[in-house]
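The feature S-adenosyl-L-methionine binding site is assigned by TrEMBL to Thr150, Gly171, Asp193, Asn231.
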Amino acid sequence: MFELRLLCPEERVEPVSDALEALDALSVSVEDADAQTPAEQALFGEPGMPPPREGWQRSVVVALFSGEAQAQEAAQLLAPQDFFADCRVLGIQAVPDQDWVRLTQSQFEPVEITPSFWIVPTWHEPPAQAREVIRLDPGLAFGTGTHPTTRMCLRWIANHAPRGQRVLDYGCGSGILAIGAAKFGAASVDAVDIDEAAVRSTEDNARANGVTVAAGLPDMASGQYETVLANILATPLKVLAPLLRGHVQAGGHLVLAGILSRQADELKAAYAPYCQLQVSDEEDGWILMTAAV
Ligand SMILES: C[S@@+](CC[C@H](N)C(=O)[O-])C[C@H]1O[C@@H](n2cnc3c(N)ncnc32)[C@H](O)[C@@H]1O
C-alpha cells in the first residue's frame with residue numbers, strides 16, 4: 001500500500017478529506033502538523049463538552065491507496081482544485097505490510113482490577129493469579145476496563161461482592177460493570193443505556209461471559225435495587241439524582257463514577273436532598289462517589 005501525505009490549513013481539511021474518499025482512498029486520517037513542536041496547540045475540552053476548536057491550525061492529511069499510481073493520480077487531480085489552495089503535497093511513500101490484526105490486538109493487554117480480578121481480551125490467556133475474569137474485546141461501546149472510572153467501579157464491586165443482591169448498572173456501555181456484579185454473585189442484574197448499540201453489546205458480552213444480565217433502554221429499570229452503579233458524567237449524574245436515588249433500596253448502595261476530583265462538591269450538593277455522597281476512591285484525577293442509603 002502507498003500513502004499520500006498532504007499539508008492543509010484547518011479550513012481545507014474537510015473538503016480535501018472528502019475528495020480523497022471520493023478518489024477511492026482506502027482510509028483518510030488527519031494528524032497535527034505541529035505535533036511535538038513549539039507551535040503545537042492542544043485540542044481539549046471538558047469531558048462531554050465540545051472542544052474549544054474544531055481542528056488544528058495545520059494538519060497532515062494521510063490517504064492510503066492500494067497502489068502508487070492511484071496515489072499519484074489523486075495528487076494530480078487535487079492540485080488544480082480551488083479547495084486545494086494553500087495545501088501542499090508532502091509526498092507519497094510505500095507503507096510496509098503489517099499484520100494489522102496482531103498490531104491492534106497487541107495494544108489491548110489484560111487489565112488488573114485487583115490481583116485476582118482481571119479483564120482479559122479473548123486473544124490472551126488469563127494471568128495465572130486471576131480467579132475472576134471478565135472476557136472482553138474492544139468494541140463500539142465504552143467500557144473495556146482501561147478507563148479509571150470503569151476500574152474504580154469494578155474495584156468497588158470486587159471489594160463489596162454484591163452476593164445475592166439485585167443490582168442496576170445505569171449507563172452500561174459494554175456491560176462490564178453488570179458482568180462484574182454477576183461474576184461477584186449478584187442474584188439478578190439489570191443493565192440499561194440510552195444507546196441501543198450499548199444494549200446489544202451488553203447482551204453479547206454477558207453471553208460470552210456465561211452470566212445472565214437483563215439489558216435494555218433506561219425505562220427497563222424498575223423498582224429498587226440493593227446496589228445501583230452509574231458511570232456516566234457529572235452533568236447527567238446531577239440531572240439523574242432523584243431517579244438514581246429512587247432506585248436504591250433502604251440499606252443499599254449508590255455508586256457513581258465519571259466525576260472529576262474538582263466536581264466532588266457540586267455532586268455532593270446535587271445529591272444532598274436524597275443522600276450523603278462521599279469520595280471513596282480516586283485515580284488519575286477521577287473520583288468514585290458512593291452513598292450508603
Ligand atoms: C462512560 S460510559 C460507562 C460504560 C460502563 N458502564 C463502564 O463503566 O465502563 C457511559 C455510558 O452511559 C450512557 N449514558 C449516558 N447518558 C445516559 C443516560 N442519561 N441514561 C442512560 N445511559 C446514559 C452512555 O451511552 C454510555 O454507554
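Every residue gets a Cβ built from N, Cα and C, even glycine.
The number of other Cβ atoms within 10 Å of the Cβ belonging to Asn231 (S-adenosyl-L-methionine binding site), over all protein chains shown, comes to 27. The residues near the S-adenosyl-L-methionine site, meaning same-chain residues not in Thr150, Gly171, Asp193, Asn231 whose C-beta sits within 8 angstroms of the mean position of the site's C-beta atoms, are Phe142, Gly143, Cys153, Asp169, Tyr170, Cys172, Gly173, Ile176, Leu177, Leu229, Ala230, Ile232, Ala257, Gly258, in sequence order. Using a 10 Å radius centred on the Cβ of Asp193 (S-adenosyl-L-methionine binding site) and all shown protein chains, the other Cβ atoms total 26.
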